[in-house]
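What Swiss-Prot says about this one:
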- Asn38: N-linked glycosylation site (CARBOHYD)
- Asn173: N-linked glycosylation site (CARBOHYD)
- 1-17: signal peptide (SIGNAL)
Amino acid sequence: MFFRILALLPLVFLVTAHSLVSRSDVVVPVCNAISNMNTTAIALQNACTNFEAQPTNDMAMPIMKFGFALEGEISSGINVCPSDVLSSGDTEILFNALKDLYDTIQKLVSSILKLKDAIIAAGYEAQSCFAVEMMATSMTTFMDKVYACSANEYKGPLDEMRSGVLTMMAQANFSYCGTVSPRGSSKISGVEI
């Protein structure tokens, strides 16, 4: 009887160890999506910088192009974000990837807010409102999904990051569209302006 129990120990160890190991097959697609969002957000920020230097219709077009591309990247991130709770190791990897995106989004929203009058003067008020609404809605959904799948020990820092991103998106949406959320309320996922 004793030897039968000993024979089962390696199996129990392997099953337990497997559940504790990071599942890179789950987190890599999300990190790739975050990397793509970051790259596209930087391209959008560069387009904003170019438009600021030369506010013409030709320079406004890349802003629209990269704005819609960023919304597409965010949607891809929503699609690959797992619904199961990640391990601590996977959540740490995800959190580190999100820190870079957070910094980029801060700079991007600052640029977008600064250019509002010039973009409206170029005749892109309706398109800008639509693009910002789509981005705010998608980013809210993405951050909510990331928060939901994260390990408990990262919930605090992720909630701060999520609130920061949602506040930035709400500010941009309010600036361009006059409402905080696409449905006209003064809230985006619990964040008020």
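Using the three backbone atoms N, Cα and C, a Cβ is placed for every residue, glycine included.
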Min neighbour Cβ count (10 Å) across glycosylation sites Asn38, Asn173 flags Asn38
Which whole-number value in Å describes the distance between the Cα atoms of Asn173 (N-linked glycosylation site) and Asn38 (N-linked glycosylation site)? 20
